[in-house]
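Chemist: Structure below; questions to follow.
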Amino acid sequence: MGVGHSSLSSCSVDSLCITAFIAQPKTTSFSNSNRQKPLFPTKKQSPFAVLKIGTLNCARVAGEMEIEKGIAAAGKPIVDRHVIDDGLIQKIVYDALVWSSLHGLLVGDRNDQRSGKLPGVGMVHAPIALLPTSFPESYWKQACELAPIFNELIDRVSLDGKFLQDSLARTKKVDAFTSRLLDIHSKILEMKKKEEIRLGLHRSDYMLDEKTKLLLQIEFNTISSSFAGLGCLVTDLHRTLLNDYGEDLGLDSKRIPGNTATGQFAEALAKAWTEYNNPRAVAMIVVQTEERNMYDQHWLCTVLKERYNVRTIRKTLAEIDSEGQLLPDGTFLVGGQAVAVVYFRAGYAPTDYPSESEWRARLLMEQSSAIKCPSISYHLAGTKKIQQELAKPNVLERFLESKEDTAKLRKCFAGLWSLVDSDITKKAIEKPELFVMKPQREGGGNNIYGDDVKETLLRLQKEGSEEDAAYILMQRIFPAVSPTFLIRDGICRKDHAISELGVYSAYLRNKESVIMNDQCGYLMRTKVSSSNEGGVAAGFAVLDSIYLT
């Protein structure tokens with residue numbers, strides 16, 4: 001998640017009192033060089049506003065009129081304000097911390113060196129927003145409708161090996177990490193190995209641009225789409241808090257949509273395990289050597305075991321290299337156990353491959369008959385460069401027949417350009433605050449913003465190298481800024497914040513049969529508006545849920 005990181009249940013509700021965070025006019029730049037201390041509401045100026053409305057139903061929330069109403073409800077100050085007493089906030093914070101501790105809304109404490117290796121040691125509540133963030137229902141519906149279309153697109157892109165190799169050819173010359181991924185992909189192509197059973201657990205991230213009133217995609221994640229487990233818990237937490245304090249706040253818990261991410265991700269993994277057709281096989285979670293977000297992963301494994309009786313094992317890439325064995329028929333054994341499904345929660349960053357051991361493990365898994373989530377081709381299909389290539393004119397039509405579907409996807413595309421576009425590069429140098437430079441990396445903390453965009457582009461021009469192929473340029477998205485309450489390490493503070501909506505989806509296909517293609521819950525991440533980056537695990541943002549307006 002970043003500023004323009006350019007970074008489900010039924011929506012029906014009864015008549016109720018909607019409260020929306022007031023979106024404040026943006027008066028400062030989002031760049032690091034121009035940060036100002038935000039002005040917070042005083043006790044006489046509530047950060048909330050109350051608006052009475054009648055019954056809504058997501059099925060009839062359509063058209064430009066409803067879209068403008070949604071923006072108005074979420075974006076403009078409302079005259080009828082009420083005070084949130086500091087004492088009340090303190091009570092809600094206390095209850096939120098107790099609930100988080102009792103229900104597993106936890107991460108490893110960075111101050112405890114063992115917290116990323118041993119479960120139950122050095123636990124702390126996950127960083128969270130105290131109350132849900134308002135989001136227009138029409139845009140929520142749009143994001144949900146896009147999920148299965150993006151799933152189908154990624155699957156078809158993954159099958160076009162030439163497109164992936166050609167699109168990333170220049171990047172390969174200057175990006176060692178992408179080059180190694182492409183080498184593995186080439187070896188799989190040379191083997192003429194077909195992934196007949198293909199599983200994708202994805203998350204598409206969006207921001208609502210304040211100026212254009214458009215829901216714009218930041219990125220599409222095909223590997224290690226995290227926080228399905230903890231995201232569901234935040235939804236439950238916020239519903240509980242509104243059930244307890246909703247009357248005092250003027251908020252109704254029914255406005256928070258249900259979040260089924262954990263259950264549906266587990267269902268997709270279980271169905272893939274069933275398709276593999278070996279009841280003695282396990283699902284393997286590929287993890288980092290130190291993982292402070294292990295509880296998010298353990299929630300998914302717990303549901304897999306309790307609901308579907310699928311056993312899981314957790315292994316690092318180095319352990320897989322040491323214990324892995326590929327049988328002549330393609331069966332993949334780890335520690336003597338057959339592996340049906342490989343679910344990557346690591347392997348997306350160069351730091352996950354500190355030696356050749358990790359690369360050997362990745363190749364071994366790709367050569368096996370185990371179902372990879374994602375396969376190497378799905379991994380490459382989710383890179384920033386492929387995202388930029390798909391935004392070019394007439395490229396979507398190469399993969400999707402439906403004009404309606406391609407129009408829906410294009411509507412959510414932000415501006416995306418290669419650095420070989422001299423006109424765009426010139427504009428980015430002149431007005432760097434309107435662009436973001438993005439490398440082929442995942443996990444947060446990698447993008448380039450503000451004056452650093454200008455300096456980097458000028459350096460690349462001066463050097464005249466092909467290093468520009470390692471980046472893309474993206475339009476910077478400017479969402480509405482709203483006051484909110486953020487809790488980290490037991491401390492709650494008020495700040496002006498922006499939010500990013502991630503919509504999970506699952507895709508499972510066996511040959512020509514599509515077994516699952518569903519939208520699977522959501523993740524809201526909120527961060528202070530003065531911060532560029534937005535990864536929760538990277539320490540930039542907090543977990544949140546949405547309050548439909």
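A Cβ is built for glycine as well, from the same backbone N, Cα and C atoms used for every other residue.
What TrEMBL records for this protein is below:
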type	residues	note
BINDING	R203, 223-226, 291-293, Q297, 345-348, R525, 536-537	substrate binding site
BINDING	E219, N221, E442	Mg(2+) binding site
BINDING	E219, K384, 438-447, Y449, 474-477, E500, K527, E533	ATP binding site
DOMAIN	282-381	domain 'Glutathione synthase substrate-binding'
Chemist: Using DSSP, how many residues of the domain 'Glutathione synthase substrate-binding' (282-381) fall into helix, strand and coil, respectively?
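Modeler: In the domain 'Glutathione synthase substrate-binding' (282-381), the DSSP-based counts are 43 helix, 26 strand, 31 coil.
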Chemist: Please give me the binding-site residues out of E442, R476, K527 that lie within 10 Å of Y348 (substrate binding site), comparing Cα atoms only.
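Modeler: Near Y348 (substrate binding site), where near means Cα within 10 Å, the binding-site residues are E442.
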Chemist: Around the Mg(2+) site formed by E219, N221, E442, which additional residues qualify by having Cβ within 8 Å of the site's Cβ center?
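Modeler: After dropping the recorded site residues, what remains is R203, D205, F220, T222, I223, S225, G382.
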Chemist: To the nearest whole angstrom, state the Cα distance for the pair P439 (ATP binding site) and S224 (substrate binding site).
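Modeler: A Cα-Cα distance of 18 Å.
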Chemist: Ranked by the number of other Cβ atoms within 10 Å of their own Cβ, which of the binding-site residues E219, E442 ranks first?
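Modeler: Max Cβ neighbours within 10 Å, all protein chains included: E219.
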Chemist: Would you pick out, from the binding-site residues N221, S224, S226, Q297, the residue whose Cβ has the largest number of other Cβ atoms within 10 Å?
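Modeler: The most densely surrounded of these binding-site residues is S224.
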Chemist: Determine, using Cα-Cα distances only, which of these binding-site residues is closest to R476 (ATP binding site): S226, R292, Q297, A346, E442.
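Modeler: The answer is E442.
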Chemist: How many other Cβ atoms sit within 10 Å of the Cβ of Y449 (ATP binding site)?
Modeler: 23
Chemist: Listed binding-site residues are R203, S226, R292, Q297, Y449, K527; which of them have CA atoms within 10 A of the CA of E219 (Mg(2+) binding site)?
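Modeler: Within 10 Å of E219 (Mg(2+) binding site): R203.
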Chemist: Let me know the most crowded of the binding-site residues, choosing from R203, K527 and counting other Cβ atoms within 10 Å.
Modeler: K527
Chemist: Please name which of the binding-site residues listed here, R203, S226, R292, Q297, E442, is nearest in space to Y449 (ATP binding site), Cα against Cα.
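Modeler: Checking each of R203, S226, R292, Q297, E442 against Y449 (ATP binding site), the shortest Cα distance is to E442.
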Chemist: What whole-number Å value do you get for the CA-CA distance of E442 (Mg(2+) binding site) and A346 (substrate binding site)?
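Modeler: It is 11 Å, counting Cα to Cα.
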Chemist: Hey, how far is K527 (ATP binding site) from S226 (substrate binding site), Cα to Cα, in Å?
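Modeler: It is 17 Å, counting Cα to Cα.
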